[in-house]
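Remarks on the structure that follows.
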Amino acid sequence: MTSKPPARHHGRHRGPDAAPGRGHGHGHGHGHGHSATSDRRYLAAALVLLVVFMAAEAVIGALANSIALISDAGHMLTDAASIALALLAIWLAARPARGAYTFGWKRAEILSAALNGLTFVLLVGFFAVEAVHRLIHPPQVMGPLVVGTALAGVVVNAGATWLISRADRRSLNVEGAFQHILNDMYAFIATAAAGVIVWVTHWGRADAIAALVVAALMAKAAYGLLRDAGRVLFEAAPAGIVPAELIEALIAHPDVTGVQDLHVWEVTSGFPALSAHVTVRPGGNCHDVRRDLADLLHDRFHIEHSTLQVDHVPGRSCLIVSALKPEAVQSEHIRT
């Protein structure tokens, strides 16, 4: 997913009555408000499309006494569930912050993406085991029925994929639902190809090989979703932001003598946050420094939600040097 600088109009809110010697900058660059409505519309349309096709497939499967069609309808149910989960997460994330939930429910979208990734893992295991079993004991496959159903599935999933692609895929939640539908379309394409091979050559193992290809694609999608969701849940630095570069940029200010306790994380997709303790030279204006640093964080690193504690350095400054690792910033950096 590509990142986009947050809209400037969100701004940083700075209280004029802040306590002397301290500075706080706050902003919200997550950009969810303007896109949540359109995201819900596209996801809901894709959900309706899938549910209608799933119901028709189940009815036809029952009339034709085809367990293959009924099983595929069950697979479509997992796709519909992933979109429904994404819609629920968007609704929860839009709820205002209150009480103990000072960031609201914005992490609901990340949990939804993680659950979609775990669903992929379960499907990969099921398809791999079933495919290996069918390679060893190939069943009788009805080629024409498989081809017809798969081609219909390609059309439906292509429509659903197009709808979800119009939503904001920078959201990990939307990306999780998109990957579900995209991989299902790949599955139908592979199934159609396998059905043609079985139909023409009567080689039943083609169906199992197609299932293994789909399982590999699902495993790749699962890895990406779980990796990105894990970074947010474990509050790692957002992708593209190196803590060492942040410290270097902050301490380059002529009035800054040190940066301690810097933490940078992501509340949800596209909502980076930062907190740090900054010391300035005797005689330096803490409020001006805080404003300069907040502007720096916004303009160079696209971080709008920042909390900076700015104090004068006590007495003679000293030098404390510790090894700095980009993945864990816990050292103190004080400049004489």
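Keep in mind that glycine also has a Cβ here, set from the backbone N, Cα and C atoms.
Taken from TrEMBL, the feature compositional bias 'Basic residues' applies to 1-13, 23-33. The domain 'Cation efflux protein transmembrane' annotation in TrEMBL covers 44-233. The domain 'Cation efflux protein cytoplasmic' annotation in TrEMBL covers 244-312. The transmembrane segment annotation in TrEMBL covers 42-64, 76-94, 110-129, 141-164, 185-202, 208-226.
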**Prompt:** How do the residues of the domain 'Cation efflux protein cytoplasmic' (244-312) split into helix, strand and coil according to DSSP?
**Reply:** 24 helix, 28 strand, 17 coil
**pLDDT averaged over the residues of the domain 'Cation efflux protein cytoplasmic' (244-312)** = 93
